[in-house]
Structure formats: structure tokens, C-alpha cells
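Look at TrEMBL and you will find 3-150, 175-315 tagged as domain 'Sodium/calcium exchanger membrane region'. The transmembrane segment annotation in TrEMBL covers 33-59, 71-93, 129-150, 170-192, 238-261, 267-288, 300-317.
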Amino acid sequence: MNFLILLAGFVALILGADKLVDAASSLASKIGIPNIVIGLTIVAFGTSAPELVVNLFAASSGSTEMVLGNVLGSNIFNILAILGISAIIYPLTVKTNTTWLEIPLSLLAAVSVLILANDAYLDGSVLNLISRSEGLVLLLFFLIFLVYNLKISQSSSGEEEETETKDYTYLQSGLFIALGLAGLIIGGRLIVTSAVSIAQTIGLSERIIGLTVVSIGTSLPELATSVVAVRKKNVDIAIGNVVGSNIFNTFLILGLSTLVTPVQVNAGSFTDIVINIAASLLLFLFIFTGKGRKLSRWEGAVLLTLYLAYLTLLIYQE
């Protein structure tokens, strides 16, 4: 029964995020907000909304292992599985700004988690804790990234990039925004409660559930977006979607989650933190080993194989 509730939660969560983005984008377009702002805020928020809502519910209920597990699990899944699958379908050529700004920034985000979580080593604390003040630091990094990205996008082209929006009336937009928010809230609550119950029933830790079932489920929008993009040979969207999502996950979602409640980091989570860093570093290295900043099919196969090996490691650890 809990698995059915979990599935229903994912359906409500993803449909809610999709409808919220469509309605909010339509409303923003009608009131004259530029397309680039819509793309960098509303649409970007939409793909990260599932992780955000699940984490806020998990944090408010004290399931901090799931909070960190969902962020790290989503980031690892994004790089190793989604980019791996995408590159196997069609080799990914990376734009210069993605190579020199976003990928290194996603690596910085991964390293920042290791630094913030290492209280026992850095200052001799009894607990390794990502505190509320450290969460504010993460949010500051996110704000800097958002403002800088907006300025780069505005100055990179004289013509504004088109962002597809639905043509809803004001009433329809308001209704669908409300329905989308309801889907997010209901779905997020169902996922957290059912995932905790499943973990207790089958004897898995909340960390493992967060790293696997929850993180993969909340990353389905990114997977769908990237696969559809590469099938249409829109490789910029595929890789930008994943790297941007990882930056959102760490700086915005983990930052907001720690404001709700500080996140305790146990010994097992350090393995996941290191693997998250290694995955980001490997992506950066792969892009510079080939010709023309390209992620090839064989490199995609390596990434996907490493993700399967990581899942095996998690099962073995339990």
C-alpha cells in the first residue's frame, strides 16, 4: 500500500509542478515579464520544485537524513544516470559558458557541502551539522548565481530568446497555479510519509530511501526533459538542464531546508558527498579529454555504469 501511495505522490508532485510552471509562465508573460526572466526563474524553479517540496516536508518532520539524501542522490543521478543516458542517445557538445561557469560552479557546490558538513574536523564539534547560518551562505551563493546568469543571458544576445508559454486567461492561470501548488503539497506530503513508512517496514535507513527511490522519483522531470531534448538534438538544453538543476539542488534547496531545521550529517553520508564531488569532477574532465568539449557515447556509458555501481554499493552498505 505504501508503494502505491508513493507512486501517487510522485504523479501528483510532477503534474503539479508542470501545471504550476505553465500557468505561472503564462501569467508572467501577460503582465510583461521578459522571457529570459521567466526561463531563469519560473521554468528553472519548476524542474527543481519536486525536490524542494519533498525536502521542506522532510525537514519539517525531522527526517534530515532524507533531506541530504535527496539532494545528493538527485545530483549524483543527474550527472551519472541522466547525462550518461543522454550521451548514449546522442553525444553532447557543451557550450563555452556551461563549461567555464556552470560545471565548475556545480563542482564548487558539491565541495561546499563537504566543507559545511565537516564541523568535527574543522572546529572540533561533537556533531557534523549544516546549520541555519550555513544555509544562508548557500542561499547567498544561489542569489549570486541567479543574478550573474541573468546578466550573462541578457548581454549574450541582442534578441531575446523565445520561451514557450501557454495562452491562459488570468482566471485560468490563477486556477492552475492553485491546482499546481495543491499537487506539489499533496504529492510532497505523500512521498515523505510513505517513504518513511517503507524505510521502517523493510529496514532501510531514510538516507538510503532518499538517495534512491525519492531522489530518482523527484528527478524524473530532468530525465524526461533531457531525453526529449537529445532526441531532438537540442543538446544544450539536455546538459544545461542537469547542471543547472544540481546548482539549484545544493544552493537553493539544501539552503532552504537547513533554514527549516539544521541537517545532521552522519558518517555514511560522507561517502555520498565524496561521490557527488567525484561525479562533478569526472564530468568536467570528460569534457576536456575529447575533441570540441563533447561528452561522447562511451563516456556516457562510463557514467551510467558508475551509477549502477554506486547503487550496488548502497545496497552492499545496508
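Each residue, glycine too, has its Cβ placed from N, Cα and C.
Remember, TrEMBL labels are computer predictions, not curated facts.
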Whether the transmembrane segment (238-261) meets the transmembrane segment (300-317): three or more C-beta pairs under 8 angstroms = no
Counted with DSSP (H/G/I as helix, E/B as strand, rest coil), the domain 'Sodium/calcium exchanger membrane region' (3-150) has 125 helix, 4 strand, 19 coil
Its residues classified by DSSP, the domain 'Sodium/calcium exchanger membrane region' (175-315) shows 121 helix, 4 strand, 16 coil
Within the same chain, the residues 6 or more beyond the ends of the transmembrane segment (300-317) and with Cβ under 8 Å of it are 76-77, 79-81, 83-88, 91-92, 208, 211-212, 268, 271, 275, 279, 282-283, 286
